[in-house]
Amino acid sequence: QINLSVIRQYVDYLVSEQNVKNVFVNGTTGEGLSLNIQERKQLAEEWVCQGKDKLDHVIIHVGALSLPESQELARHAAAIGASAIAVIAPFFFKPTNKGELIAFLQKVASEAPAVPFYYYHIPPLTGVTIRVEELLDGIKEQIPTFQGVKFSDTDLLDLAQCINKNKREQFVFLYGVDEQLLSALAIGANGAVGSTYNYLGRKTNLMLQAFAKPDLALARKYQFLTGEFLNFVIKLGFGVAQTKAVMTFVSGIPMGPPRLPLVDASEEFIVKAKAKLDSIVWPDGD
């Protein structure tokens, strides 16, 4: 079941302990697609409410397999004052070309005409492989609120072409593969959305600062150490359930079990992941 009572503590933890002031709600790690419409609305409301005067941006993911449901969630996000909305491609009956995908996105975006709109590109989970470079061509004419992309794919060539071709539009490209963030920054990504920033947000912010300086050697150290942890846990089997377990032992906030068909992380995973994270010596001496 959803647990609204921890969200206030969660917001405070992100802001004070991780220096994270932007959230992406009801996405992959939040199991948005496993929740019903009412649950998604309740979570969105609670994050907007608890984030008031504390968070800079609350982006609500409103994608669904059903167009009317996605539209209902978009209207709701607009009504509660979300900073932006995002939509994944439908993934059962899939759009097979750019025109079909844009038609779906446009129908959702038009229900929240004053709210910035992001396309959430995550082909490893949706199976929709329409290149974002192709999708962006002329998109502003069809979706006036289009602001950018949450790009959760390892195809850095596609991302680079997007950034190269859309400089004038000033689209935002938020990268979603945490272990490759530094590579994405190097080609012009503007920011990131990822599950590790729940518990490695402060380290990632130090990497962003090092990259901006630029101190590439230091930035690489942070990226390599994040990668070392992820490489270790991926070999153990790392998904949403395991992410919740890591966040629970790092933050002390109970993230709870996942919803079926996902199953809880094993005790063995928790012991090994905690030992690995504790063993990492970060450049800032922590």
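All positions are counted from 1 along the displayed chain.
Each Cβ is built from the backbone N, Cα and C atoms, and glycine gets one as well.
From a predicted model like this one, the values you see are computed outputs, not experimental measurements.
Pulled from TrEMBL, these are the features on record:
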ACT_SITE  Tyr120  active site, proton donor/acceptor
ACT_SITE  Lys150  active site, schiff-base intermediate with substrate
BINDING   Thr29, Val193  pyruvate binding site
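Mapped onto this structure are the features recorded in TrEMBL.
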residue: Thr29; record: pyruvate binding site; CB count, 10 Å: 20
residue: Tyr120; record: active site, proton donor/acceptor; CB count, 10 Å: 26
residue: Lys150; record: active site, schiff-base intermediate with substrate; CB count, 10 Å: 26
residue: Val193; record: pyruvate binding site; CB count, 10 Å: 23
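In this structure, the C-alpha atom of the residue listed as 'active site, schiff-base intermediate with substrate' lies 7 angstrom from that of Val193 (pyruvate binding site).
Cα-Cα distance from Val193 (pyruvate binding site) to the residue listed as 'active site, proton donor/acceptor': 10 Å (rounded to the nearest whole number). For the pair Tyr120 (active site, proton donor/acceptor) and Thr29 (pyruvate binding site), the C-alpha distance works out to 13 angstrom.
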